[in-house]
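A.B. asks: Please find one structure pasted underneath; my questions will follow.
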């Protein structure tokens, strides 16, 4: 209709009107991606498990550790910086139970030890009150201490203990010990200030570092030292063997003719140290003739028998008064060192519970006192005597070389210690090294083992 809204608006007359085309209209080009995006470069982050030791402070390897980013990100240590960690001012990082990374210092070491009390892991003496069966007169030990009935020389290389259990990959402990050819990883442990606290008790360095009473700490150290040398002198032939020290208990076994020692009298056989025997000639660098070397070998054989017989019951070698003293010293030293030994024992037992892994002890203490320390600190069941080496004569680098010759180069070796001797020896043999300086280092070690990083 003229003048109506429909006449003035053609859109109302048809539901599909024709579209008017304009001559100047420009069609729009099809849409296209203006920028080609390249893959995002992953400069520092890799996914999956990191290289062996890369994420764990304290372990140092010759290769495989990424350099620290330019921002100084904590937790990544290169080999070059790792070997300057003994210098003052070097930060040392630890992993507390929360999993957050922060620097540890002697003042904060106690707060890092956020683990439950390890009452079930604390090495306790199994004190058998029943007297041991006596051997024939003159048989035996310097103080007539006899081996218990049914004692056997048990080979427990790599023995597993049911207390520890690896969590990382669900490993199961085998029912029988692995043979040397089955081994995949061997942990080479230092003793003093790594597993146990002893030497630093005497020097006062532990009291100074961790804020303990110097007089109390020194007194505990002196009492334990007295027990160690009393056990070594009285039952482990240290008076005879001090000048005839060996690296390993089997080093003179080739001079042993296998004679039955049941009725052998060590007090009357004429062995008087390195100048005894009266025969001329030298053998394996020790003065004495063939007969003298045989007597020396007899002592090391009996030493091995005593160790194996009393490694779970060192109290059987002590008088009742000394047994009580030892139990008190164990408890007080654990208390003043904030459960240092129990924390280290967690890692030792976890390694022992694995298949194809082994703990080996390499110490700078002479062999006989080292065996006395191991027994008195309750570690006899963790370290078979065949796995204990003394580096007093040849040094740790040569000890490591002997161990590699024994177990082979296909095995992965991890060195755990507090001193420069084992650190340098590990570097020479291209072995990873884990430094123990504080309680936090022991906690981090156990966490690394649980996660199968070690």
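If you go along the chain as it appears here, the first residue is 1 and each next one adds 1.
Cβ atoms are placed via backbone N, Cα and C, with glycine included.
Heads up, TrEMBL stuff is auto-annotated, nobody curated it.
According to TrEMBL:
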REGION    151-178  region 'Disordered'
BINDING   190, 192, 418  Mg(2+) binding site
ACT_SITE  190  active site, nucleophile
ACT_SITE  192  active site, proton donor
A.B. asks: I need the neighbours of the Mg(2+) site defined by 190, 192, 418. Which other residues of that chain put their C-beta within 8 angstroms of the C-beta centroid, in sequence order?
C.D. replies: 191, 193, 194, 195, 199, 363, 417, 419, 422, 436
A.B. asks: What same-chain residues, at least 6 away in sequence, bring their CB to under 8 Å of the CB of residue 192 (Mg(2+) binding site)?
C.D. replies: 198, 199, 200, 363, 364, 365, 418
A.B. asks: At a 10 Å cut-off from the C-beta of residue 190 (Mg(2+) binding site), count the other C-beta atoms across all protein chains.
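C.D. replies: Cβ-Cβ neighbours of residue 190 (Mg(2+) binding site) within 10 Å number 23.
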A.B. asks: How many neighbouring Cβ atoms, not counting its own, are there within 10 Å of the Cβ of residue 418 (Mg(2+) binding site)?
C.D. replies: 20
